[in-house]
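Annotated features in TrEMBL:
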type     : residues : note
REGION   : 1-25     : region 'Disordered'
COMPBIAS : 11-25    : compositional bias 'Basic and acidic residues'
DOMAIN   : 173-270  : domain 'HTH araC/xylS-type'
REGION   : 264-290  : region 'Disordered'
COMPBIAS : 281-290  : compositional bias 'Basic and acidic residues'
Amino acid sequence: MATSGQSLSIDGHDPAPRRDLPQDRVDRPLAAFVRDYAEGEDVPRHSHDRAQLLYAITGIMRVTTDAARFTVPPARALWLPAGLPHAVAMPGGLAMRALFLRSDAAKRAGPERPAVLSVSPLLRELILAACAEPLEWDEQGRGGHLAALILEEIAHAPTLPLAVPQPRDPRLLRLVAALAANPASPLTLEDWASGTGASPRTLRRLFQAETGMGFARWRQALRLAEAAALLANGSPPARAAAAVGYSSGPAFGAAFRAVFGITPGRAGEGRRPSPDLSPPKAERPLETGT
């Protein structure tokens, strides 16, 4: 049983510290969290009592749970069920505008498992408007109307294939961390095996058993998820392809289209500057963490 202030993770991982913010306790269906993070300001593994919709108006976040790794650019949000341990990396800085959902609201609006959601222009503006409301907003007034619309938009938001399975074996965890830090790396299982004491065959078997896919397919999933984030953040297709290890534009385009159903060029369309409509500093939560 988890002790107070901790939550049990899945697959036998150590419990994660539970963070207690005002947004976890306020008696409202949802509460906004506003924080701007500096470059490299990461949030270590933790959990919350309430479900979260992690959304950033600028910057790319990389969120790791015990089971998967998610790369989340602007125009996307990550749904995290209540109590799920996670860590957040923000390599280039981030303007976070997140929502915490009470259990009844989360059950109504969100999926049962973590998922990357597409954020419509309407949902984006609703989130920003909610960030300008006080923590204990008027349930019969503007805040209540905003919350009702937000829950409807979350419930109808399309999910996107941006989750990359996370292995559990320490040897594989070190490998995937190295590749996540540099998706263009040519590192192979054979290269990695030489420093682990395990044979390439053993690592291949472990990779398949723990992620449900072979190493080559996993690497492609990681690269395409990272490329999708770069495109959504404004990178040209050629630059995004090179950044994740593709030397051939047509090969990158074909792989991207096979997974996402659109071309890399279309994936970057419609991006526009995001004005900062956050509330005055006095209304911003000062707690660390997400």
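Cβ atoms here come from the backbone N, Cα and C positions, even for glycine.
Predicted-model confidence for the domain 'HTH araC/xylS-type' (173-270) is 91, expressed as mean pLDDT. According to DSSP, the secondary structure content of the domain 'HTH araC/xylS-type' (173-270) in residues is 67 helix, 0 strand, 31 coil.
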